[in-house]
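Here is what TrEMBL says about this protein:
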- N34, T49, R107: IMP binding site (BINDING)
- K135, L136, D137, G229, T230, G231: GTP binding site (BINDING)
Amino acid sequence: MTMKVILGAQWEWGDVAMRAAQDDNKNIIVVGANAPMLDIKYGLYPFVTSSDTTIGGLCLNPASITETIGVSKCYTTRSGAFKTEDTGEIGTKLQEIGREWETSTGRRHRYGWLDLVIAKYSASIYFYSSLNLTKLDVLVAFETIKIAITYKVDGEELDHYPAGLDLLERAEVVYHEMPGWQKPTTGAKSFYDLLKQAREYVEYIEKFVGVKIGLFFGFLVRMRIKWIGTGPDREAMITRA
């Protein structure tokens with residue numbers, strides 16, 4: 001069955017096509033084009049799309065989903081405004097190295113540091129079983145790397161992503177700083193081929209997001225970063241067991 005036939009059936013029949021595929025025990029892979037923060041319900045309003053970009057919009061039985069892989073860059077880009085956006089030297093450098101443009105308008109994306117408040121919020125919606133962290137190579141240019149770890153409103157730290165737009169607008173970002181590695185990551189074949197600073201960066205993200213995914217022989221199992229993009233080519237990817 002060709003992709004044209006599959007998409008045509010989905011367009012014409014909606015969830016009926018998906019249900020039929022499940023009833024026939026077919027393997028289904030779904031790739032999301034839009035990130036959680038573009039979702040009409042959960043996203044960073046008003047900079048959202050018009051549809052449901054979460055698992056809830058898949059027309060799938062939730063119990064039948066065996067794996068949910070979250071994909072995140074090592075920094076933040078988007079079309080609209082966001083809390084960690086940097087309009088100065090850092091943002092310019094990320095733009096120059098990351099080289100990303102909007103597909104529809106050709107405009108450059110807006111850039112900033114990785115926001116783990118949003119990453120954790122996203123994980124609570126999707127309940128990821130693992131993560132794919134991309135573009136580790138872009139951060140090689142920075143002596144110090146910052147990661148957003150919480151927000152403050154009126155001097156008080158929030159322990160969650162603010163649901164109200166008023167709170168979000170008033171929120172100040174609290175950053176954690178880590179030393180950069182300033183050595184190319186392209187060519188690394190295993191996690192331990194990376195410099196210690198790069199490994200610590202990955203492990204910090206993994207621990208912070210830390211979704212609990214179940215028990216294994218009585219031990220709590222947490223979500224892991226299983227894939228790390230180390231360069232622009234498809235083959236530049238570390239796979240962790």
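Positions of Cβ are set from backbone N, Cα and C atoms, glycine also.
Looking only at other Cβ atoms within 10 Å, the busiest spot among the binding-site residues L136, G231 turns out to be L136. The number of other CB atoms found within 10 A of the CB of T230 (GTP binding site), across every protein chain shown, is 24.
Ranking the binding-site residues T49, R107, K135, D137, G229 by other CB atoms within 10 A of the CB puts R107 at the bottom. The GTP site, placed at the center of the C-beta atoms of K135, L136, D137, G229, T230, G231, has further neighbours from the same chain whose C-beta lies within 8 angstroms: C74, T134, V138, T185, T186, I228, P232, A236. Sequence-distant contacts (6 or more apart, same chain, Cβ under 8 Å) of N34 (IMP binding site) comprise T49, S51, T53. Recorded residues G229 (GTP binding site) and R107 (IMP binding site) have their alpha carbons 24 Å apart, per Cα-Cα distance.
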